[in-house]
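Quick look at what TrEMBL annotates:
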type	residues	note
DISULFID	CYS3-CYS30	disulfide bond
DOMAIN	3-118	domain 'CUB'
DOMAIN	120-216	domain 'LCCL'
DOMAIN	223-380	domain 'F5/8 type C'
TRANSMEM	443-468	transmembrane segment
Amino acid sequence: DGCGHTVLGPESGTLASINYPQTSPNSTVCEWEIRVKPGQRVQLKFGDFDIDDSDSCHSSYLRVHNGIGPTRTEIGKYCGFGFQMDGLITSESNEVTVQFMSGTHTSGRGFLAAYSTTDKSDLITCLDNASHFSEPELNKYCPAGCVIPFADISGTIPHGYRDSSSLCMAGVHAGVVSNTLGGQINVVISKGIPYYEGSLANNVTSKVGPLSTSLFTFKTSGCYGTLGMESGVIPDSQITASSILEWSDQTGQVNIWKPENARLKRVGPPWAAFISDEHQWLQIDLNKEKRITGIITTGSTLAEYYYYVSAYRILYSDDAQKWTVYRDPGVDKDKIFQGNTELYQEVRNNFIPPVLARFFRINPLKWHQKIAMKVELLGCQFSIGRAPKITMPPPPRNKNNDKNDDFSDHFIHSVKTSLQTDKTTFTPEIKNTTVTPSVTKDVALAAVLVPVLVMVFTTLILILVCAWHWRNRKKKTEGTYDLPYWDRAGWWKGMKQFLPTKSVEHEETPVRYSSSEISHLRPREVPTMLQTESAEYAQPLVGGIVGTLHQRSTFKPEEGKEASYADLDPYNSPVQEVYHAYAEPLPITGPEYATPIIMDMSSHPSTPLGVPSISTFKAAGNQGPPLVGTHNTLLSRTDSTSSAQALYDTPKGQLGPGAADELVYQVPQSVAHSTGSRDE
């Protein structure tokens, strides 16, 4: 009477003391006899151990034996509060006896343990959860019997389960392992989410859960797609039923709840049986044999008709004549699947091992008011040629071919019917097939390359955008009369030395000022005369007559020997200096000259006669006498008919009129002049 939760499977199982995790009662005893296949051994692992040791394991203890019966030998005797068992307890044979004795005590939860064959080196217990492990990916073996009433899970697939959930119990809920068989799970741990949904699946209720640090999901073979009820891939003609509910409502309208209405999430009434008894069924023809891994059901989904099926059986066939009832492996009775508990909620049940069939039939056993339901099947295509390669061991070579053929046929049949344990030991490997290593590597490689490529392309785009904006800003900052930034003198001069010299005929015509033309122009016509084609060098912004340029000028010198104003030498230079093709930069030690600024006085009132105009330039030293001559008169642009006689400052650092020969720049200073132009 001391046995608690117990599930003993052919390869693994779970056992616990009575009333666990509460204090076990006094004076109770329980013995478990565990057997696995001959040639294998048993390993035992404790998930929790808390047995009173006040009398030094005399009346309360747990004892493990090799073998069963009178010939058994003791492996060990254990007791203690919060006892931590290091490693596993391993038997010497395929049989083990576990004995629990509870004497007089006031505390102690008892124990919970899991067992498996020794080839399952990664065995865990039903109490282990994701927070017990630090690895981002786990590959563990869950024992049978992990649907326990004292463990909780939160979440569902595909969103994931809260990290506080039992790994193995969540595996049963997700449909990756069987509660009666156990099996391998491949767990991926990732960042948690704020909210975890609850659902009912495989007789396990998942509760709603709050935010957690992390969550976990399962890797599977991927054979969990819908088979066509909801989408309409399965036509109406392939959905049949034992009977159809037909009735008239209060308005006299006839309602027919036909089998084709039994499509999950389809708006409207469901399929309902005319008679509610255990002989009704809903049948689906998949058109060819497929691997069916699960089923999802709901009730009527109509609030005014509170109908649903709460329990049912599953039958399947290849010809719709001979039917097989689904059973758990190693169990000699039909499996009863838990259905709905209300009319809206979707309830999922998985088939482990999967059903391989063309015809699928649902047989309701329990219902609320009337038999009514909507259905969707889960699974994938099935290739009969691939299954034997995965599950069937190589036949013995010392037997004849006939026996080998009989063995193969019998093995395939046992997988499809799931009736005999000794023929389905390889089935968990089928249902728990995880993603192949090559696929895993490809997924991991893609997960690294995709973000890197996105970052590279984003960087290139940003560089191009920044360069475009910089170019536009550069253009905007250039003055109205400036050269483009790519053709400024400093950069262009450096490049000119690597380029061939231009021929005279291809060069632009420099600005020339003819004395004969200037002398006959009125003041208003001078600016028009000065407008010429754009020169290779920026022209001085002067609306008047320009004298001869010295070698230190920043303007391009004139070429050719045409008779013009520029040919005259008002300074009587003794030696004609050779000008270069391009202006040279001013020397660092040279004098600093003021730059002429010509103001357009056309929009201002003219200066009264007799009032001298004020120069905007300061003369350095004593101002020399004005230079007079035929070609040194500056015509001012004004609205009046008056003009100004040009005077010129001497360069900085030089005094007196004797310095006139050394003038390089001539800065005009206006003085009062008589109306018109005066030539001297």
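Using N, Cα and C of the backbone, Cβ positions are placed for all residues, glycine too.
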* Asked: Taking every protein chain shown into account, which of the disulfide-bonded residues CYS3, CYS30 has the largest tally of Cβ atoms within 10 Å of its Cβ?
  -> CYS30
* Secondary structure content of the domain 'LCCL' (120-216), with strand meaning DSSP E or B -> 11 helix, 38 strand, 48 coil
* Per DSSP, what is the residue tally for the domain 'CUB' (3-118) in helix, strand and coil? -> 0 helix, 61 strand, 55 coil
